[in-house]
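Q: Dropping the structure in here first, questions after.
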């Protein structure tokens, strides 16, 4: 077993060796290096063929038409393109957007930008279980609502929203529905033929593909129009200009092909690993699971250890690669905005750790990690005067702290 142990699969995944092999074939002079937009010679034709094959592979994972897949640089760009693209195209129809307080920053900050441009955004509060229900969405809908954007799987707590039910609601009201599915490909079944979803964002690097490549699903029937945000040669039917990165696109295609093939057995294996891990740390007192345990992907366990500071716990767990909050915001020392939205107090939000498991996690690693967590939490609590007070029966919420 090699240390440190990687338990941060929701931040990024390593590239699957099969994906790396396919990518390496699209780089060198004797490989498939051409520009897919070169129409006049075989190098371009071969590259275009590889790109279109990958487009099919991405479409097949989510049961879409390949013509509905637009290549982007990742889920952040896909979120921007979907939300700004719809807002700008349909602004004559209305200027109201609905999203939730626990979306990824790529959605929240895009909405903030649109607010500066004169759009109005409603931010929904999730329930304590971290779920956004159709009832919450319905209560926020207005006559001038043009777009609802709700994520499929939350990146911090792994909860799975009922996008099928939300889609039925938005379609019946004539409102477009965007879903950020960066964390759900290869973990949750997605059938865009059945789902009433109009736009969906994908990322390769959360699904054992390379970083720097993603895609946006844009529905053809009923047709969804978006305004391109990147201007240039008119690639991707005018929705996203820029020379296509064949090697990355091929990597994403292969990663999604593998995901489709191996999802069922991998989910079962990862669920067994998570249950095994949780069973070994469950004996700790004052341990709280963040988010629903029933509507949740098997890869995620987000736990708060009361009376332990999350950052100090991460430092104590130097052999484990884990995180507090999402990779995109964990550099700030503010408590997780996702956990605050669930109603967790600052102390519990600060004491949370996200463990995320994946394709290369082993039982041996799980057992070692669980043992280290129990040791570190117990040791840090021994050092904590707050823990002593709690054990003596002091109600810490009633204590008045004073500066000296």
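Cβ atoms are placed via backbone N, Cα and C, with glycine included.
Since we're looking at a predicted model, the values are computed, not measured.
From Swiss-Prot, for reference:
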type	residues	note
BINDING	75, 76, 155, 183, 203, 204, 205, 243	pyridoxal 5'-phosphate binding site
MOD_RES	206	N6-(pyridoxal phosphate)lysine
BINDING	328	[2Fe-2S] cluster binding site
ACT_SITE	328	active site, cysteine persulfide intermediate
Q: Which one, from the binding-site residues 76, 183, 243, has the smallest tally of other C-beta atoms lying within 10 Å of its C-beta?
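A: Looking at the binding-site residues 76, 183, 243, the Cβ with the fewest others within 10 Å is that of 243.
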Q: Between the Cα atoms of residue 243 (pyridoxal 5'-phosphate binding site) and residue 206 (N6-(pyridoxal phosphate)lysine), find the distance and write it as a whole number of Å.
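A: Rounded to a whole number, the Cα-Cα distance is 23 Å.
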Q: Specify the secondary structure state of residue 75 (pyridoxal 5'-phosphate binding site) as given by DSSP, simplified to three classes.
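A: In the DSSP reduction, residue 75 (pyridoxal 5'-phosphate binding site) maps to helix.
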Q: Determine, to the nearest whole angstrom, how far the Cα atom of residue 76 (pyridoxal 5'-phosphate binding site) is from the Cα atom of residue 206 (N6-(pyridoxal phosphate)lysine).
A: 12
Q: Return the residues near residue 205 (pyridoxal 5'-phosphate binding site), defined as same-chain residues 6+ apart in sequence whose C-beta is under 8 angstroms from its C-beta, sorted by sequence, else 'none'.
A: 12, 13, 74, 211, 212, 213
Q: Taking the binding-site residues one at a time (155, 203), which has its Cβ surrounded by the most other Cβ atoms within 10 Å?
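A: Most Cβ neighbours within 10 Å: 203.
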Q: Give me the long-range Cβ neighbours of residue 204 (pyridoxal 5'-phosphate binding site): same chain, 6+ apart, Cβ under 8 Å, in sequence order.
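A: The answer is 74, 210, 211, 213, 214, 248, 251, 252, 255, 256.
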Q: Please report the Cα separation of residue 183 (pyridoxal 5'-phosphate binding site) and residue 206 (N6-(pyridoxal phosphate)lysine) in Å, rounded to an integer.
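A: The separation of the Cα atoms works out to 6 Å.
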